[in-house]
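The annotation Mg(2+) 3 binding site is assigned in TrEMBL to A:Asp48, A:Asp93, A:Asp236. Residues or ranges marked as Mg(2+) 4 binding site in TrEMBL: A:Asp48, A:Thr62, A:Asp93. Sequence annotations record features per position, and here TrEMBL assigns Mg(2+) 1 binding site to A:Thr63, A:Asp64, A:Asp141. What TrEMBL records for A:Asp64, A:Asp93 is Mg(2+) 2 binding site. Under the heading substrate binding site, TrEMBL lists A:Asp71, A:Glu289, A:Trp331. Summarising the annotation, TrEMBL assigns ATP binding site to A:Gly140, A:Asp141, A:Arg168, A:Ser238. Annotation source TrEMBL lists Mg(2+) 5 binding site at A:Asp239. Residues or ranges marked as domain 'PurM-like N-terminal' by TrEMBL: A:46-158. What TrEMBL records for A:172-316 is domain 'PurM-like C-terminal'.
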There are 2 protein chains.
Amino acid sequence: MSESDRRPDGRAQSWPTLGELGEDAVLAEVLAALGPQPGDVPVAAGDDAAVLATPSGSVVVTTDSMVRGLDWRDDWSTGDDVGQKVVRQNLADVAAMGAVPTGLVLALAADPATPMAWVTELARGVGRTSRAAGAAVIGGDLSGAPAGTVMVGVTAMGDLQGRDPVRRSGARPGDVVAVAGTLGRSGGGLALYLDGTDQGGGEAADELREVHRTALGAPLAAGPVAAKAGASAMIDVSDGLVQDLGRVAAASAVAVDLERAALTAVAAGPLNEVHGPERALHHVLAGGEEHALVATFAPVAVPTGWQVIGRVLDGPPGVTVDARAVEAAGWDHFRR
Amino acid sequence: MSESDRRPDGRAQSWPTLGELGEDAVLAEVLAALGPQPGDVPVAAGDDAAVLATPSGSVVVTTDSMVRGLDWRDDWSTGDDVGQKVVRQNLADVAAMGAVPTGLVLALAADPATPMAWVTELARGVGRTSRAAGAAVIGGDLSGAPAGTVMVGVTAMGDLQGRDPVRRSGARPGDVVAVAGTLGRSGGGLALYLDGTDQGGGEAADELREVHRTALGAPLAAGPVAAKAGASAMIDVSDGLVQDLGRVAAASAVAVDLERAALTAVAAGPLNEVHGPERALHHVLAGGEEHALVATFAPVAVPTGWQVIGRVLDGPPGVTVDARAVEAAGWDHFRR
């Protein structure tokens, strides 16, 4: 991981590399760094497969990967940051179904020249973040990769506790749209990095950058709360509020109108402080990788911890702000 | 995928590339190529996460990845071959716990210059192989990757149907060791490729090469059969018979002695025909990626379709053949 030698914090990378250690030693180090795991896991890592308890008779499953150089940069993010983010973005998908995270498996494909210390950091971030959410790391896979390539894949599982899953397709005219967690901070943090403001700018800028690197603040517990309150539809904000709500609108065959005043309130705090009101609103609408949750509810059913930002209308599927069209381009993994 | 232009079969690669199509079009093509999916899947791909029924109240989970240039070469294997192999190697881990495969998620990270046609072939191989085993492809993830890199990850799930999992740790002195499926054919096929014998050599050589490319013949149904028959321990042969049985011996704190005569019988057929008896026996002992199943049973409990190849003894953990030490080096993902 040659970029790591140029890290702006000047922290030395420790050796040895994965190739020098070999697979058994790498695995032992990873298992130690993951730390103790919670949950109901009749058979944990170390056999052909793990066994995870699924009390409700079904399991919620999602998978999402991060690739070095595309989804993170070593001069911005540590291995621990990547571990936090890959876990939170997967668990947010579980939460967006209304499920409680229960377990995950971790796949790492890495250039043998990767320093062991980077992988140890990654495993620490994965283990700590997963544990905090009550989900056990129950297995994984270690693989080599071409020179320079490091890829981290997670498949996360959750339990619906007997409830129906909250789909994207259930929003009904008359519902309100509400958000749990922050919006635009990850996009605002990425904008700082892209402008070359890797450091400095005070605590507000630090916070935006940290949200971008780690998805800190993804409101995982709010998913089951929304499901219990009777949310009619839910999604996590991974590609941007307008784009992701557009998916809910399309799946539900409804229109969504957001209130600019409510969005401005959501943009308050560090995002507004760093970027000013106009750019802050742009990041709230278009910023991806926040992993906030957005859901629709009957107006009387909005639970504590959720802020109303708009309403569901009868009309052609789409997202407007104060009844006006918005443009907010999304993210495509293959087009550059 | 520039190597694909040099494929020995002279088949033309069709364009466009993933980057030219963009993510939505790639996803639509992949879903079409996967084809209809079996099983009990209350929520399939297309929401934040999928929901898979787990009738027995627990789910068996495993993950395994393949990386282009390390786990397959484009001048040997088609996308369909890779799709077959990545599914079988995962489902063999599920079967080795005694579980019936129920579902899987597929993660693809690919250089945007990858031809769509390769990914379509991959998805066809994944969908057909998974369907044949009764497991549904319930979700996935598409991601970009650095130039030249293509990685395919699968996380597979299975159901124990109320049985206990068959661990590696349950072998007892007095048990016999039995195998379901073939041994050494994948290793024998790889040896042909490494010797430059990519083609020719007759049907026997064709068969060895196909087993190497696709793990054709992995006896997935034999896992639950063994569990029902009371297998005390089970593993799939991914790194080689001696190495994988060594893991059973270590986990169970027993010795395993294999019978040369029985192994010679296992080597009969195309392996023996192509490589001769001595090399054939070497491939039976050391060849990886066969994804046969090896299990231990009480002598009276060996089910139909399983061949006895040795026995479990009281003694220091290890694997011998006719009571003599064997050397069979294994595979390490990071050392080259």
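Any Cβ shown, glycine's included, is placed from N, Cα and C.
Those binding-site residues from A:Thr63, A:Gly140, A:Ser238, A:Asp239 lying by chain B, with Cβ under 8 Å from one of its Cβ atoms, are A:Thr63, A:Gly140. Taken together, the residues of the domain 'PurM-like C-terminal' (A:172-316) have an average pLDDT of 97. A:Ser238 (ATP binding site) falls outside any helix or strand according to DSSP and counts as coil. Just so you know, of the binding-site residues A:Asp48, A:Asp93, A:Asp141, A:Asp236, the Cβ with the fewest other Cβ atoms around it within 10 Å is the one at A:Asp141. Within 10 Å of A:Glu289 (substrate binding site), judged by CA to CA distance, lie the following binding-site residues from the set A:Arg168, A:Asp236, A:Ser238: A:Asp236, A:Ser238. In the three-state DSSP scheme, A:Asp93 (Mg(2+) 3 binding site) falls into the helix class.
For the domain 'PurM-like C-terminal' (A:172-316), the number of residues in each DSSP class (helix H, G, I; strand E, B; coil) is 69 helix, 25 strand, 51 coil. Nearest Cα neighbour of A:Thr62 (Mg(2+) 4 binding site) among the listed binding-site residues (A:Asp71, A:Gly140, A:Asp236): A:Asp236. A:Thr63 (Mg(2+) 1 binding site) and A:Asp239 (Mg(2+) 5 binding site) have their C-alpha atoms 16 Å apart, to the nearest angstrom. Nearest neighbour of A:Asp48 (Mg(2+) 3 binding site) by Cα distance, taken over the binding-site residues A:Asp64, A:Asp141, A:Ser238: A:Asp141. Counting other Cβ atoms within 10 Å of each Cβ, the lowest count among the binding-site residues A:Asp64, A:Asp71 belongs to A:Asp71. Minimal Cβ crowding within 10 Å, among the binding-site residues A:Thr62, A:Thr63, A:Ser238, is found at A:Ser238. The two recorded residues, A:Asp141 (Mg(2+) 1 binding site) and A:Asp71 (substrate binding site), show a Cα separation of 20 Å. Candidate binding-site residues: A:Asp64, A:Asp71, A:Gly140, A:Arg168. Nearest to A:Asp236 (Mg(2+) 3 binding site) by Cα distance: A:Arg168. Remark: of the binding-site residues A:Asp239, A:Glu289, the most isolated position is A:Asp239 (fewest other Cβ atoms within 10 Å of its Cβ). Between the CA atoms of A:Asp64 (Mg(2+) 1 binding site) and A:Arg168 (ATP binding site) there is a gap of 18 Å.
Residues in the domain 'PurM-like N-terminal' (A:46-158) partition by DSSP class (helix H, G, I; strand E, B; coil) as 34 helix, 47 strand, 32 coil.
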